[in-house]
Every structure is written in C-alpha cells, then in structure tokens.
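Here's the structure we're looking at; comments come further down.
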C-alpha cells in the first residue's frame, strides 16, 4: 500500500475550488495519504501539510517523494487546531489556499489496530493521534449512563430513545466485563437497533465515539478562524465535511466572517458515479470561501 494514493472524496472539485497557481503556497491541513497534496504539487503549487496521524504522514512522505520528485512539500505531524503556531514555525505569513478534508482515509479504516471500523474485530481505540490519553474503550467503560446517552444523542445524532437503550445495554454489560473490542460494541448496538438500512446500524455510534475521542468539533472550531487569518487576499479555504455537525459548523462559520466571500452558495456533493465507486462519499459536502 505504500506506493498507492488513497483517492480522496471530491478530489477534482476541491482542487478546482482552490484555484491552484504555480509557485504559490498551499496548506493541506489533513494530509492523510497525500492525494490532495499530490494534485496540488502536480499543478505547480508548494505545500506545507499537517496530519495528526504519524503513520499517515510517513506514508504520504514516501509516496510524494516518489510521485513528485523535485516538488516542494513539507509535512509535519500535528493538529490543525494549532495551524497558526505551525505557520509561525515554518516562517509563513500567508497562503494562497488551505484545504481541510475531515474524513477518515480508507487506510485508517482498514487498519484493524485502530478500531475505526465496525466491520472488523479490533481494539476500541479510535485515536487518530496515538499520543492521546483516552480511547473509545475508556469512554465506554467509564462514562455514566447519562453521559453515554448525551454522547450518542448529541455527537452520534441518534434519537434520545435509542441513545438511552444503548447506554443501558452498555452499563449492564459493564457489570460483568469491560467493553474491549469493536465487535462487542457492534453486538450491543444490534441488540437495540434492527435492520441494515442504507447505513450500518453502528455507524453513528462509532461517529460519536470518534468525535469525542479526538475532540474533533472543538479542533475544527479552533482551526477555522486561524485558517482564514492565514489566507492571503484572494486565497481560498476549502473544507470537506462528512456529517451534519461538521457541515453546520463550517456553514455558520463562513456566514459569520465578513472577510470571507462564500464561493459555494450550496455545498458541492459527489456525483452518482463517485458514490457508486466509493459509497463512503455519499455524505461528503464541500464548502469554499475566498479571503477578501
């Protein structure tokens, strides 16, 4: 897998929205497998990149060195919530474009040691940054019934009734043993929620835990204003979100910035062909703004 690039969702649309200009500096704040960075480099841009996942940064460096020899890129392990500090460290005053792709990569989902996927028997970890202290298992085994209910209801966007039932099942399970694996959690979800439907029954439960473990919404709230402040006049901020909590946050932020012209009056969605090729793309929404 080292030499292959994970195909990012809305790749063409995001690169078009960035309006790449040769020789200009771009920030990829979610490097992942390097797919977006590669496209920017191929169009002549220079890239400084961040990702909280050290394994992703290492893979991306190797791939980009092979795919884009001679191109300028500098990748670092770090959270985009600290992008201003990283920019100062890099000596950057401004950027011509900034990209944030908030989705998981296929490699993160496929890595059974990470616990992101409900399709495998894995430890309940879910940390994108392995240095974080708290795992999904820690939350499931420590939070009270009330706290678990709030987690599934607010961050998982599950109905209150389901959230209470699932929390009750988890608390009952903990009386005899700790929750340790993704398979155990999926089994508990299946006791409360029936039927596959369009999405897996455990999708939103896993979403809630991943958001909580990685403090994703607070990181996004912190990063967005820093990103706009770093944009040069005419620079573009492009954000790809994958659930309504993220998208609403981005939408409201864009509307609230008087120094940002909204490029996407409505979010850009993947076309049916992309969704057929990659079902995980179905929930993606792209929003873009230009610095005034």
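Any Cβ shown, glycine's included, is placed from N, Cα and C.
No curator has checked TrEMBL annotations; they are predicted automatically.
According to TrEMBL, the S-adenosyl-L-methionine binding site annotation covers 34, 35, 36, 51, 80, 101, 108. Residues annotated as region 'Disordered' in TrEMBL: 268-292.
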TODO: Provide the three-state secondary structure of residue 51 (S-adenosyl-L-methionine binding site) computed with DSSP.
DONE: strand
Open item on the list: For residue 80 (S-adenosyl-L-methionine binding site), which of the three DSSP-derived states applies: helix, strand, or coil?
Closed with: helix
Task: Cβ neighbour count within 10 Å of residue 80 (S-adenosyl-L-methionine binding site) - done: 23
Open item on the list: If you pair up every Cα among 34, 35, 36, 51, 80, 101, 108, the residues annotated as binding S-adenosyl-L-methionine, what's the maximum separation in angstrom, rounded to an integer?
Closed with: 18
Task: DSSP three-state assignment (helix, strand or coil) for residue 101 (S-adenosyl-L-methionine binding site) - done: strand
Open item on the list: With Cβ-Cβ distance below 8 Å and at least 6 positions apart along the chain, what are the contacts of residue 108 (S-adenosyl-L-methionine binding site)? List them in sequence order.
Closed with: 53, 56, 114, 116, 128
Open item on the list: Within its own chain, what residues at least 6 apart in sequence put their Cβ under 8 Å from the Cβ of residue 51 (S-adenosyl-L-methionine binding site), listed in sequence order?
Closed with: 30, 31, 32, 57, 60, 75, 77, 78
